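Novice: Before I ask anything, here is the structure I am working with.
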Amino acid sequence: MASVLEKVLRVGEGRVLRRLEAYAKAVSALEDDFSALADDELMHETVELRERYSKGESLDDLLPEAFAAVREASKRTLGMRHFDVQIMGGAALHLGNIAEMKTGEGKTLVATTAAYLNAITSRGVHVITVNDYLASYQSELMGRVFRALGMTTGVILAGQTPEERREQYAADITYGTNNEFGFDYLRDNMAWQASDMVQRGHYFAIVDEVDSILIDEARTPLIISGPSSGEANRWFNEFANLAKRLEPQVDYEVDEKKRTVGVLESGIEKVEDYLGIDNLYESANTPLISFLNNAIKANALFKRDKDYVVMNGEVLIVDEHTGRILVGRRYNEGIHQAIEAKEGVEVRAENQTLATVTLQNYFRLYKKLSGMTGTAETEAAEFMSTYKLGVVPIPTNKPMQRIDQDDLIYKNEKAKFDQVVEDIAKRHEKGQPVLVGTTSVEKSEYLSRLLAKKGVRHEVLNAKNHAREAAIVAQAGRLGSVTVATNMAGRGTDIMLGGNAEFIAVAEMNARGLSPVQTPEEYEAAWDQVFGVVKATVAGEAEEVIKAGGLYVLGTERHESRRIDNQLRGRSGRQGDPGESRFYLSLTDDLMRLFNAGAAESLMGRTSVPDDMAIESKVVSRAIRSAQSQVEARNAEIRKNVLKYDDVLNRQREAIYGDRRHILEGDDLHERVQTFLTEVVDDILDQHTGEGSGDDWDFDALWAELKTLYPVGVSIDEVIAEAGNKGRINRDFMRREILSDARIAYKSREESLGETAMRELERRVVLSVIDRRWRDHLYEMDYLKDGIGLRAMAQRDPLVEYQREGYAMFQQMMGAIREETIGFLFNLEVEVNQAPNGVESSAVAAKGLARGDSEARLSYSAPGERGEVEVRNQRGQIEQAATARAQQHSSAAVAAPEQGATQRGAFGQRVSAADDAAPANRAERRAQKKPTKRH
């Protein structure tokens, strides 16, 4: 049942749909005119539309003709005509909305209309997809439509060089993943030359599977990190061994629902005995606490082949939603290292954050944002509040014929899977294709073994064989096929009855060695014949599949999010095809077990239901909906909180990145450096001169500090002589004298190096200092954020405290940038390179001005589903380095309690005022009966 907020958000929906229908009619009215155009005339439409736009016509005015041109180009190149509902979807995208379109309604084709229209501005359009394969596939297929209209397409893929990326971004429409676009934004803001930058702005983005990218992946930021000093800590391995000796419920407690562990007294004793320390509560031992908690969590909460897999000596996280391996993605706060230690693989060194941005704030950079998905309605409120995006449900082209059966609930998992296998076998026997959704790699392999015993041929699609994902999904609608997949896997590739003709045709073209990029003319010439043959074969098989009942989707467990369940169901019944879906559940499923399945258990108990008999009950259905709502609300709150804190950092990031961009684009820094010089001198005078005259000042200390800044050319005696005596010197007089001397020294420095070299030195120094100080500031802000929650104990709002202290730290950083810049400009030993003809070159070299981080050593960390971090190197290969130095450091730090706050021990236990010293031994602690805190 829709909430009040959901109903409010739907007010005006009818008016929007009427506007979209009007656009669709206007486009259809032009169809015959555009069909009559020759190919070169159709291509010339782009030139005409661009001319009209440059003369002041709006994109809204040009929409009917632009959309009609795309529809015609698609008919000619792909043999696919945009339905009216697809035209409506494209208009919704152009107007800056999320178009909610059911699976199979052709969202990839929908994007072409809005992308083409907005590319008329020549400002670049970005189409964001969920993985590299889809980016490459869509740019290849839809690129044929755009080429027919005289537009270019590009694709951003992991491992491309900066030159390749720059070329792809220069295209009219560029496809790629959210991670690649975000990392390029961060890299551009670490560039040392304008020529190193690859992106050309953020004008219009179309986000495919928008709920997956903007909701599911929005909890953790994109991070570029580089090696920090220090080695991987031996404590991870020590505590991994120790955790295996601890017993659950005896030495520690586990709360699976909250994902927390609590260490009990006997556990603390064992830790102290193992480590040979007297008291874990002593401040010197507090860094060990995070290692202990992480080791226990790695053992108790993270299961191999469910939460992660171990391949080639590396721990790889499995996406809880899709079952895919999240390439290199990492858990934060030392959890990933703890799992590596638990599994006996190499524990990698941690990294330091160099640049970071959340997906929310990256996508807010776009002047206009839009998206497509089949399941956005449940998150409509969050889309509106975070991104100012409305959700517009687009009608289906044909009425939905899928039958969604009621859930069947069994007492235990074995009984459930036995019935699942029976159901699959019956469907398989009559030729009906079956898609089975499981929640983990472990479950998919378990079901696969049961099906093999039953003699049912099938394909398994999970994190361990994701390389064949698209091929498996494309064939999942064929007669008699059985596909066991982790939930939502294969998203973005249509399951068409009889097989995906498009996919099969592209594969055939590739097999013939034809490419739309390398051999575009041969590709176009062969396409129609290949596609025609494949299409005819598929159509015949599709008729048989329809007679068998269409695609049957069988879910083996409810997901914690309603959207994921709906996505699985949505694989069936595309484009008016017949289909069926059903979920099989058991009382031991994670969702039922963790979120109050008491109602279901009591119902089973009362009715004495045999193990192999299912029940259908509204009570159980309500319990499931309630559990899902709890999880969704919790996850939404996490994302909201992440955004609140990142908004503070985002304002600072915009200021720093704006400064860097102006510098790279050639702003003259001479005036700014002079301002820096004035402000630094003012700061020094503030420290050494108070109210009144010079009689009370320490001139020696003042001169000593000035000499660390620049070569002072005036002596104390000369200044006093100029004034007459110390008593006649005031701050304004001193300021004039010192600034005059400093400017003379700067002018002398410039004359010795040459004006051109000095301007280049200013640019290099300012960039170098900004980058170094910004990197340190990110570390400090991470540290501040991790400890700021403790302020709540002093009745203070952590967010307000974070804003206040973050601003103070930013001001400190800006002061340090000014002071360090002036110090470097005066004191660096600089070598000016001369050109062969003797003309002065602007190239300067100085120690400390080289780029601090080699591209090859950087790591690229992307957002995960539960705050984990994806880490890759420059070539796109998996890395296992820690996300940031601050995470480890802050987890080991203990914040001092605020004045008046309740004091806490190392494990968070209360310490009374009379007892604020740490207990001397275990007996003393037991006597005090101190409780432990959950972590």
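Glycine is treated like the rest: Cβ placed from N, Cα and C.
Heads up, here are the entries from Swiss-Prot:
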BINDING   Gln86, Gly104, Glu105, Gly106, Lys107, Thr108, Asp494  ATP binding site
REGION    879-935  region 'Disordered'
Novice: According to DSSP, which of helix, strand or coil covers Lys107 (ATP binding site)?
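Specialist: Note: Lys107 (ATP binding site) is helical by DSSP.
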Novice: Since the record lists Glu105, Asp494 as binding-site residues, which of them has the fewest other Cβ atoms within 10 Å of its Cβ?
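Specialist: Counting other Cβ atoms within 10 Å of each of the binding-site residues Glu105, Asp494 gives the minimum at Asp494.
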Novice: Measuring Cα to Cα across Gln86, Gly104, Glu105, Gly106, Lys107, Thr108, Asp494, which the record gives as the ATP binders, how far apart are the two most distant ones in Å?
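Specialist: Overall maximum Cα spacing for these binding residues reaches 16 Å.
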Novice: Enumerate the residues of the same chain, Gln86, Gly104, Glu105, Gly106, Lys107, Thr108, Asp494 excluded, that satisfy the criterion Cβ within 8 A of the mean position of the Cβ atoms of the recorded ATP site; list them in sequence order.
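Specialist: Along the chain, the qualifying residues are Met101, Thr103, Leu109, Val110, Arg574.
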Novice: Work out the three-state DSSP category of Asp494 (ATP binding site).
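Specialist: In the DSSP reduction, Asp494 (ATP binding site) maps to coil.
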Novice: If you count Cβ atoms within 10 Å of each one, which of the binding-site residues Gly104, Gly106 comes out on top?
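Specialist: The residue with the densest Cβ neighbourhood is Gly104.
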Novice: Would you mind checking how many other C-beta atoms are within 10 angstroms of the C-beta on Lys107 (ATP binding site)?
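Specialist: Neighbour count, Cβ to Cβ under the 10 Å cut-off: 25.
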Novice: Using a 10 Å cut-off, grab the number of neighbouring Cβ atoms around the Cβ of Gln86 (ATP binding site), all chains included.
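Specialist: Neighbour count, Cβ to Cβ under the 10 Å cut-off: 27.
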